[in-house]
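Quick notes on the structure that follows.
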Amino acid sequence: MTHALLIGNPNCGKTTLFNALTNANQRVGNWPGVTVEKKTGEFLLGEHLIEITDLPGVYSLVANAEGISQDEQIAAQSVIDLEYDCIINVIDACHLERHLYLTSQLFELGKPVVVALNMMDIAEHRGISIDTEKLESLLGCSVIPIQAHKNIGIPALQQSLLHCSQKIKPLKLSLSVAAQQILNDLENQLISKGYKNSFAYYFSRRLAEGDTLIGEKAFTESLLIKLQETEQNLDVLLADARYQKIHEIVTLVQKKHSDASEHFTAKLDKLVLHRFLALPIFFAMMYLMFLFAINIGGAFQDFFDISTETIFVQGSGWLLQQLHAPHWVIALVANGVGKGINTTITFIPVIAAMFFFLSLLETSGYMARAAFVVDKAMRAMGLPGKSFVPMIVGFGCNVPAIMAARTLDSERDRLLTVMMSPFMSCSARLAIYAVFVAAFFPSGGHNVVFSLYLIGILMAVFTGYILRKTTLKGHASPLILELPAYHRPSLRRLLRETSMRLRFFVYRAGKLIIPICVILGGLNAITWGGGISSGEANTDSLLSIMGQWITPLFAPMGIHQDNWPATVGLLTGMLAKEVVVGTLNSLYAQVGHVGEIAAAHFDFWGGIKAAFGSIPANLSELGSALWNPVSASAADSELSQSVYGIMSRRFDGAVGAYAYLLFVLLYIPCVSTMAVIRQEANKRFMWTSIVWSFVVAYATSVVFYQGAKFLDHPQQSMVWILAMSLSLLFVLAVFRYSQYGMGRQNAAANT
């Protein structure tokens with residue numbers, strides 16, 4: 001078996017190459033002692049097994065104790081500690097000179113190296129030609145030109161791994177005699193300490209470059225003290241010598257012609273990164289994403305809703321009635337399992353549209369610029385601009401967003417990002433928004449969704465600002481970001497990425513929603529006295545009584561006693577936000593007897609015909625929804641016969657619905673998110689996040705509802721608004737003056 005390490009700069013196509021080499025034969029775990037994801041894969045070449053370990057993307061192998069992320073530390077340590085046969089160094093052909101810096105450090109390990117020169121097609125399109133044979137001769141290792149995203153060059157790269165036993169000699173750097181003598185002395189001291197010659201050579205260079213995490217701590221510190229006494233800036237001298245040698249190589253092997261794409265990128269960046277226009281353009285792109293998701297995706301939502309309700313809810317209910325099944329069985333199967341399947345599948349068009357647009361922004365090159373644009377605004381408040389990149393991931397799911405914070409350099413920035421990310425509206429919340437938009441905001445629903453996303457971002461920024469002023473004081477680290485050239489992503493790649501994200505979401509949502517719907521159906525069928533209720537919903541069921549007990553707590557935000565299913569939805573939503581819509585669908589269907597009505601008037605072919613007919617009908621109204629949302633068509637006249645109709649009667653109009661959505665937006669996303677906060681920070685930060693999210697969710701929802709209804713009951717509204725304001729101030733005071741501040745020294749303790 002051959003074991004190869006895959007390493008390269010960020011955004012060099014390393015993960016794409018890893019997927020191309022290993023296909024589905026991958027395993028995901030964590031590196032020992034840390035929460036950084038470890039990806040390994042394997043493939044067979046004839047009868048020879050080759051295992052690949054994908055290391056985090058890094059620019060350098062120097063692991064400084066200060067300002068190093070967990071990803072960088074893992075990569076730097078892995079090339080020393082792991083047992084492997086060769087290294088695959090992935091290089092972006094468009095940025096050859098920059099990426100060869102890491103290559104020069106890898107050569108100093110003395111291990112076999114294969115250079116995978118990726119993105120050759122893009123380099124050619126930009127007028128860059130590289131003599132790979134000459135580059136191979138100058139480097140002294142195999143150089144394989146590839147196009148990982150098209151699987152071009154992959155077989156040649158695989159074959160090269162069978163013949164990579166030749167050890168690589170380090171590049172000859174032009175150093176002064178004094179500097180070379182210091183390096184030789186370091187090397188000799190390391191050899192006398194018991195290090196092998198090859199590792200002594202590598203360690204001496206890392207120490208000279210300021211690596212404080214390599215080798216034994218006491219011995220390393222003594223060598224570093226001696227280095228400081230030499231009054232030689234070896235780190236600067238080595239870096240300068242590397243760049244000089246790399247420049248010589250690149251001059252010999254690379255020719256660059258006029259690059260139309262660079263001119264286009266420069267011209268477009270003058271607009272996109274404009275001092276005054278950058279932020280409006282950013283908000284316009286976010287607005288377009290919600291416009292696309294709600295209107296384009298929503299045009300197909302009725303098809304999935306009507307067809308799955310016809311098959312799984314009405315169809316199963318009708319079939320069980322023909323078999324004379326008990327009412328509680330019909331409730332469990334039709335309004336439990338059936339409604340769960342219906343709810344899960346109805347998510348697909350809106351979520352898929354959002355994932356597609358996010359992939360478009362990422363692959364086109366705009367997302368990196370979005371982080372750059374937001375950085376200035378966030379740094380003005382002392383917040384890390386780099387944290388915006390993980391927070392954007394939160395639009396898909398808060399869990400990977402929080403885990404992505406580990407790539408940040410400082411502990412303070414990482415913890416700030418962990419605490420800010422839960423307020424980003426994930427795709428599960430978008431599913432809830434879509435349901436309420438259909439029921440309460442038939443005109444301009446995307447404006448409602450955009451406002452919720454914007455409020456979430458503002459609350460995340462506010463949370464970060466409060467923490468910066470209280471428990472996480474300090475200065476934001478500078479943003480160092482590579483801005484890729486703009487390019488047109490292939491439709492195939494966009495669809496593949498959308499499909500991968502969508503499959504994960506539907507699987508995760510379905511396995512939670514369906515069991516929850518079955519449990520809720522059972523609780524709604526069992527009475528307080530232990531009996532089984534009839535097919536008609538009643539207020540004596542266990543679920544009804546539980547909901548009615550808690551509902552008065554939410555009365556100030558417009559949830560009245562008869563709307564107890566909304567309260568149950570909030571409770572189940574703490575497990576996962578995907579469950580909220582399933583809970584509401586299941587309970588409102590049973591409370592409103594939708595199941596019995598549907599089963600009694602079941603028309604299979606009529607339902608399927610209506611499902612297909614909804615697509616052209618919705619698409620025909622798309623123009624007015626896009627260009628003039630205010631005058632878009634009103635809700636379907638038959639809405640009152642559906643779950644949407646029941647919801648619209650139970651909530652206090654659009655005001656009550658929006659207050660409910662504010663609470664859904666701001667309170668804890670799910671138990672998975674809280675568990676990841678516990679893992680990435682500590683238990684105290686987790687409980688702080690839970691308490692803070694509930695306080696701001698309740699206060700914001702109550703203040704909005706009471707403010708909107710102020711003219712109806714001014715005295716009552718004023719009391720609630722003042723009470724919520726004082727409660728929020730009290731919590732802020734606790735953060736500010738608490739004797740148990742969550743200093744950085746406690747953040748690393750996972751207790």
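Every residue gets a Cβ built from N, Cα and C, even glycine.
These figures come from a predicted structure and were not determined experimentally.
Feature annotations, reproduced from Swiss-Prot:
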type	residues	note
DOMAIN	1-167	domain 'FeoB-type G'
BINDING	Gly8, Asn9, Pro10, Asn11, Cys12, Gly13, Lys14, Thr15	GTP 1 binding site
BINDING	Gly33, Val34, Thr35, Val36, Glu37	GTP 2 binding site
BINDING	Asp54, Leu55, Pro56, Gly57	GTP 3 binding site
BINDING	Asn118, Met119, Met120, Asp121, Gln147, Ala148, His149	GTP binding site
TRANSMEM	276-296	transmembrane segment
TRANSMEM	341-361	transmembrane segment
TRANSMEM	385-405	transmembrane segment
TRANSMEM	422-442	transmembrane segment
TRANSMEM	447-467	transmembrane segment
TRANSMEM	512-532	transmembrane segment
TRANSMEM	657-677	transmembrane segment
TRANSMEM	685-705	transmembrane segment
TRANSMEM	715-735	transmembrane segment
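A sphere of 10 angstroms centred on the C-beta of Gly13 (GTP 1 binding site) encloses 22 other C-beta atoms. Sequence-distant contacts of the transmembrane segment (447-467) (same chain, at least 6 residues past either end, Cβ-Cβ under 8 Å): 283, 286-287, 290-291, 293-294, 378, 381-383, 387, 391, 395, 415-416, 419-421, 423-425, 429-430, 433-434, 437, 441, 629, 658, 661-662, 665-666, 692, 696, 700, 732, 735.
Cβ environment of Pro10 (GTP 1 binding site): Gly57, Val58, Tyr59, Glu482 lie under 8 Å away, each six or more residues apart in the same chain. Those residues of the chain, other than Asn118, Met119, Met120, Asp121, Gln147, Ala148, His149, with a C-beta within 8 angstroms of the mean position of the GTP site C-beta atoms are Gly13, Ala93, Ile122, Ile146, Lys150, Ile152, Gly153.
Here Gly13 (GTP 1 binding site) is positioned 7 angstrom away from Asn118 (GTP binding site), judged by their C-alpha atoms. Checking Cα-Cα distances from Asn9 (GTP 1 binding site) against the binding-site residues (Asp54, Met119, Asp121, Gln147) with a 10 Å cut-off leaves nothing; none qualify. Thr15 (GTP 1 binding site) has Asp54, Ala148 nearby among the binding-site residues Asp54, Met119, Met120, Asp121, Gln147, Ala148, counting only those with a Cα within 10 angstroms of its own Cα.
Spacing of Gln147 (GTP binding site) relative to Asp54 (GTP 3 binding site) is 18 Å (Cα to Cα, whole number). Most buried of the binding-site residues Asp54, Asp121, judged by other Cβ atoms within 10 Å, is Asp54. The most densely surrounded of the binding-site residues Asn118, Gln147, judged by C-beta neighbours within 10 angstroms, is Asn118. Other residues of the chain with a Cβ within 8 Å of the Cβ centroid of Asp54, Leu55, Pro56, Gly57, the GTP 3 site, are Leu6, Ile7, Gly8, Lys14, Val58, Asp71, Ile74, Ala75. Ranked by Cα separation from Ala148 (GTP binding site), the binding-site residues Gly8, Lys14, Asp54, Leu55 are led by Lys14. Counted over every protein chain shown, other Cβ atoms within 10 Å are most numerous around Asn9 among the binding-site residues Asn9, Asn11, Thr15. Long-range Cβ contacts of the transmembrane segment (422-442) within its own chain (Cβ-Cβ under 8 Å, at least 6 residues beyond either end) map to 293-294, 298, 301, 347, 350-351, 354-355, 391-392, 394-398, 401-402, 448-449, 452-453, 456-457, 459-460, 463, 505, 509, 576-578, 580-581, 584, 632-635, 639, 644-645, 647-648, 651, 653-654, 657-658, 660-661, 664-666, 668-670, 673, 677, 689, 693. Lys14 (GTP 1 binding site) sits 11 Å from Met119 (GTP binding site), taking the Cα positions as reference.
Under 8 Å from some Cβ of the transmembrane segment (657-677) lie the Cβ atoms of residues 398-399, 402-403, 418-419, 422-423, 425-426, 428-429, 432-433, 436, 439-441, 448, 452, 455-456, 459, 554, 557-559, 566, 570, 573-577, 580, 647, 651, 685-686, 689-690, 693-694, 696-698, 700-702, 704-705, 708, all in the same chain and six or more residues away from its ends.
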